[in-house]
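One structure is given here, and the rest of the page talks about it.
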């Protein structure tokens, strides 16, 4: 019996302008997985108890039944052990068996969630070539991975493939597209999705309206966003938690904090329970407005409600308390969290405080991640992003880059968010050449830059006093289908004034700048 051969192409070797790079592959990943044939014998069925680490690894050395392989592969996917899932898949096929469609789809989805989209696509192709009758569910599993990583070209190709195969896009397909386009600031693409949904008779519920509100908010049309609430009432659509969160966030972003609090109180009066996004918005915007007392009050109420504090929002509190030297209050917060049993979040928060300079213990990213793992924490992509953001805000480029390397070593590929953070770190440090190199790397790796990417690069160029390059990036942002937000327009306006004073623009450039500010 010949061994089956499965090829999982690695991500391409990307150009890396930085010493040490950030594309090192985890030791367990291989371009070629080849297993020796196992002599046929009676298969055994693994019970649920065997899916745990100890017995599971022992039984994986034995010949398994198809059902056992399917169960083990999906179990490892659920626990984030994707290399073991891929290893089991190769063993399964070497034994002449094929996974179930559900098992394939689960593996594709799990790989997509960690940014390993090339491997997700390879598994998807294998599932398709095996003669399975695929549905929109399987296509959505891969589509979500492409969209989360910002690989819009790959996502478009998959949508074309769906049409050619006669597979209709369902509501989940449109929700994935809508979420991606709104998040990346693509106004025209968002209208296209909404038009398709209406044409195909999909009901526009409060979730869809909450996305539209976010889009209006990001484009400076907050009054128009509030007008949607009236439209919803006329259509008989009752606002849900997501809708209220969108309104609170919109008022907060434009400094209407009293209105934001009124919406929050109205939300509670209707019997709706605030979720983590509600508290995050209230804390974030009160912090940015300098109302630290109110922000800390909301932070305490959030914990009283039994919700896990969000480290991303906690960074805002650290910044404000650090600026005022109020570290004693931080200690009290930690003690309160420990009392409530929020041990893990307390560990993350303590490390964030150190990164921001109180003690300087964790100015080394490797030691920081090692400390988290020593406490028994599984460092997720979200935690890596939080740590990278903390270092980036301090302009610690090497440590931000190190976080990306550690993240990839754990089998999680850096996504657009992480690369934006790295670009921001270079920008804060005044290294606009490196920021531009990261931008080129993003495009060369097949990821579509979003509004945050373009704005971060424009900010880096402004800090580097390369004002004449700002309108070039602005124009590229428009050509890429991203709608410039208020920050982008303000930077373009400021760059135009400075360059006109210096006489650094041609007549054509001035015409473009005037049109961009209209």
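Backbone N, Cα and C atoms are what each Cβ position is placed from, and that goes for glycine too.
As recorded in TrEMBL, the features of this protein are as follows:
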- 195-304: domain 'PROP1-like PPR' (DOMAIN)
- 65-99: repeat 'PPR' (REPEAT)
- 135-169: repeat 'PPR' (REPEAT)
- 170-204: repeat 'PPR' (REPEAT)
- 205-239: repeat 'PPR' (REPEAT)
- 240-274: repeat 'PPR' (REPEAT)
- 275-309: repeat 'PPR' (REPEAT)
- 310-344: repeat 'PPR' (REPEAT)
- 380-414: repeat 'PPR' (REPEAT)
- 415-449: repeat 'PPR' (REPEAT)
- 450-484: repeat 'PPR' (REPEAT)
**Request:** Six or more residues out from either end of the repeat 'PPR' (450-484), which same-chain residues have a Cβ under 8 Å from its Cβ atoms?
**Result:** 150, 183-189, 218-219, 416, 419-420, 423-424, 426-428, 430-433, 435-436, 439, 442, 491-492, 494-496, 498-499, 502, 504-505, 509, 512-513, 516
**Asked** Taking contact to mean three or more C-beta pairs under 8 angstroms, with sequence separation of 6 or more, is the repeat 'PPR' (135-169) in contact with the repeat 'PPR' (240-274)?
**Response** no
**Request:** Could you please provide the mean pLDDT value for the repeat 'PPR' (415-449)?
**Result:** 88
**Message:** Per DSSP, what is the helix/strand/coil residue tally across the repeat 'PPR' (205-239)?
**Reply:** 27 helix, 0 strand, 8 coil
**Asked** By DSSP, how many residues in the repeat 'PPR' (240-274) are helix, how many strand, and how many coil?
**Response** 26 helix, 0 strand, 9 coil
**Item:** Counts by DSSP class (helix H/G/I, strand E/B, coil) across the repeat 'PPR' (65-99)
**Value:** 26 helix, 0 strand, 9 coil
